[in-house]
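As given in TrEMBL:
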type: ACT_SITE; residues: GLU143; note: active site, proton donor/acceptor
type: BINDING; residues: GLU77, HIS95, GLU143; note: Zn(2+) binding site
type: DOMAIN; residues: 23-147; note: domain 'VOC'
type: DOMAIN; residues: 153-281; note: domain 'VOC'
Amino acid sequence: MAEAASSVPSAELLEFPKKDNRRFLHAVYRVGDLQRSIKFYTEALGMKLLRHRDVPAEKYSNAFLGFGPEESNFAVELTYNYGVDKYDIGTGFGHFAIATADVYKLAEDIKTKGGTITREAGPVKGGTSVIAFAKDPDGYLFELIDRPGTPEPLCQVMLRVGDLDRSIKFYEKALGMKLCRTIDRPEQKYTLAMMGYAEEKETTVLELTYNYGVTEYTKGNAYAQVAISTTDVYKSAEVVHHVIQELGGKVTRQAGPLPGLGTKILSFLDPDGWKTVLVDYEDFLKELHQKE
């Protein structure tokens, strides 16, 4: 017991995630046909192909797409594993979201390009905000949100969790996020928590969804993780280890440099099994700038 007490981090260390300069870098998930996905994301969703790499030795390719440069904007990292054309998205992953000045036009453009609209553009139930839902060729959903003039169109990653209060505490303490707002819908039996590093309309947020009475979801093998920047993976690791002891979760890769790249990362699971990778931001920028 004495040994455990001596390992308790200082108050200053526990405050580090909130004072650190963090932002969402990219979400990683797997697709069955990379060229098909690139075509859909650029032509139907309006994203730009930011970079592409093929790694034959490890039998995979990936492509980074988004609405602005990776130095300032969130991106999606699509991964194609040679010979694998289908994945299970599971029941836990919800959707991504795109903010746009005209939901009706974007939904129509997606249909024109052969995309599937699963919820037609129109006001939300009991409100005036206009939304729609689109599905990409692999079955990933994108919510289209009426939000003109936003600096970050790729604005949400929605994940379902089994204990919302526990998840809010985990992301506040382990990752330094702030709770932007919560939305409770008793008539539809769910509660949402929007969490991020700035005001919701200015940045990407994690949308955590709790469906009344549901404590577990299947993860599938399609969605992988979200990557977030940090100025110090080692200091971050100390905090994460402490929070995991308190709230649950698991470190899947200890803090340190990746072989070959040298980029320092830390990866871990939250109490529901959702994976986050913290990436040294200076290393991330070096990696970006050394690409062709």
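Each residue, glycine too, has its Cβ placed from N, Cα and C.
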Spatial separation of GLU143 (active site, proton donor/acceptor) from GLU77 (Zn(2+) binding site) - C-alpha basis, Å: 18
DSSP-assigned states of the domain 'VOC' (153-281) in counts, ordered helix, strand, coil: 31 helix, 57 strand, 41 coil
Nonlocal residues around HIS95 (Zn(2+) binding site), in sequence order (Cβ under 8 Å, 6 or more apart): PHE133, TYR140, LEU141, PHE142, GLU143, GLN156, MET158
